[in-house]
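These features come from TrEMBL:
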ACT_SITE  Cys382  active site, nucleophile
ACT_SITE  His516  active site
ACT_SITE  Glu518  active site
BINDING   Ser13, Lys186, Thr187, Lys188, Pro189, Thr190, Gln191, Lys222  UTP binding site
BINDING   Ser13, Asp146, Ile147, Glu148, Lys186, Thr187, Lys188, Pro189, Thr190, Gln191, Lys222  CTP binding site
BINDING   Ser14, Leu15, Gly16, Lys17, Gly18, Leu19, Asp71, Ala240  ATP binding site
BINDING   Tyr54, Ala355, Phe383, Gly384, Met385, Gln386, Glu406, Arg471  L-glutamine binding site
BINDING   Asp71, Glu139  Mg(2+) binding site
DOMAIN    3-264  domain 'CTP synthase N-terminal'
DOMAIN    301-535  domain 'Glutamine amidotransferase'
REGION    1-265  region 'Amidoligase domain'
Amino acid sequence: MARFIFITGGVVSSLGKGLMAASLAALLQARGYRVRIRKFDPYLNVDPGTMSPYQHGEVYVTDDGAETDLDLGHYERFTGVAARQSDNVTSGRIYQQIIQRERRGDYLGATVQVIPHVTDAIKAFALAETDDLDFVLCEIGGTVGDIESLPFIEAIRQLRNDLGRGNSVSIHVTLVPYIAAAGELKTKPTQHSVRELAALGVQPDVLVCRCEQPLPAGERAKIALFCNVPTDAVVPALDAKSIYAVPEQYHQEGLDEAVLNAFGIEPGAKPDLSRWTDITDRLTNPEGEVTVGVVGKYVGLQDAYKSLNEALVHGGIANRVKVNVRWIDAEVFEHPDSDVAQHLEPLHAILVPGAFGERGAEGKIASVKFARERGVPYFGICFGMQMACIEGARNLAGIDKASSTEFGPTEEPVVGIITEWMTAEGVQKREAGGDLGGTMRLGAYEAKLDGNSVVSSIYGGTDISERHRHRYEVNTGYRDALEKGGLVFSGMSPDGMLPEIVERPDHPWFVGVQFHPELKSKPFEPHPLFASFIAAAVKKSRLV
Ligand code: GLN
């Protein structure tokens, strides 16, 4: 039977609970255990799919097509365990399920209540599909004391009883602030937060204390005394140089041992952390650096492109270089007297990431043109591939009005929803395969690569599976015109009907992909496209 680790946060949000969960899972994995991490989000949206990136950051897409919280990206990057729909649940999804059942009459006239109906649904979610695991880590979003998270804390309280003694551990992540004027670290907020949690019936076993200064032994002992945990179970957590240094740092602070001790498990031999040591060595001792410009829309909002940023770092790990990411607002190129070259000349590579809507599109098209003409490595992801096709159509195929129907009606729909450009037969065939035109194409899909293409040599094969999140597709009616302009369709859906990859073989590095390769990149297994893109940036940096 799997053992459960419940993770809550106190005092303030943004304490890095998700990273802590991911790091702890990685440490347990390094000790030979099988792990899975789940995220409970107390908000009322059914999933983050419709939430603005400004509010919620990136939507992380799983193989099975779920739109989930970005913490699932950390989980997958740190453990290599592919996340699933069943790893993320929100209050909204739980209430939706319960209300549907209630309307169907499934409750046989009973009054439907938070306890037991909502708490039962939360418990069922935590327990589902856990047979083949040693540890299930459940992270509760938000901060203890929030009204929204109460049913989740109550469900944990019940589960801890249901699971029986020794089968669950509660970890509370808190803040120990440093008051400069007093020159002291303060433990009171932690004491209050633990009291709040204990009042709800959940006594933490391990406290992870985020602090900016080392936690002196005296303060550690004080927290242990007041919060009713052993001193060894008070684990200090200082800021790390890189997120990938966090697992080793937590290990040095004794987190994995404290957790195993709390379960009554003898920690045994030291975990093998060589994977993490190698990554931090590559990050701290780079042999060069490159600057990549990301021409996007949600600039200044790192979280909106979380996985992309990490995948670029992974590309740097693969090549032993530091990757400086320069976020450039595509709209700056739309100003009549803006000088594209001035912004893009200092870059060793250019990437246009995924996006929705017209804003910034012309600026992105201008940066594709710059990259193509100047031989700067170009990577177009999803929207970035679509813009590369529009650029090619306008400037090399003489289709001046080339556009995407996402921006409104157009005479030249180089990009459009399949029902707008495919034959009725074609659409029917795809729908029979379960792929509905006009709805969001979500999750993993296979693609076939041309054996002579640049991308097949990068992947080292012709069969791939990557994750998608888009509604529009490049219109194959323009394939001939685009290929005459040098843009080769080198990857297609297995039925040959949808373009998945375009490339320019006559360019140092020019690839557009309809999917999101960044979602599957890991620090210990950098995605081949990112590794190759950064290698091209390194080459470019040696030329300039
Ligand atoms: N807006 C485009 C579409 O829906 C691209 C989406 C994306 O980049 N993820 O097809």
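Glycine residues also receive a Cβ, built from the backbone N, Cα and C atoms like all the rest.
Across the structure, Met385 (L-glutamine binding site) and Leu19 (ATP binding site) place their CA atoms 31 angstrom apart. Of the recorded residues, Leu15 (ATP binding site) and His516 (active site) place their C-alpha atoms 28 Å from one another.
Cα of Tyr54 (L-glutamine binding site) to Cα of Lys186 (UTP binding site): a distance of 32 Å. Counting every protein chain shown, 19 other Cβ atoms lie within 10 Å of the Cβ of Leu15 (ATP binding site).
Long-range neighbours of Ser13 (UTP binding site) (same chain, six or more residues apart, CB within less than 8 Å of its CB): Gly142, Thr143. Its Cβ placed at the centre, Glu518 (active site) has 26 other Cβ atoms within 10 Å. When the recorded positions Leu19, Thr187, Ala355, Cys382 are checked against ligand 1, Ala355, Cys382 have a Cβ within less than 6 Å of one of its atoms. Within 10 Å of His516 (active site), as judged by C-alpha distances, the recorded positions found are Cys382; the full candidate list was Leu19, Ile147, Lys222, Cys382, Arg471. Per-residue pLDDT, averaged across the domain 'Glutamine amidotransferase' (301-535), gives 93. Close to Gly18 (ATP binding site), meaning Cα to Cα within 10 A, are the following binding-site residues out of Glu139, Pro189, Gln191: Glu139.
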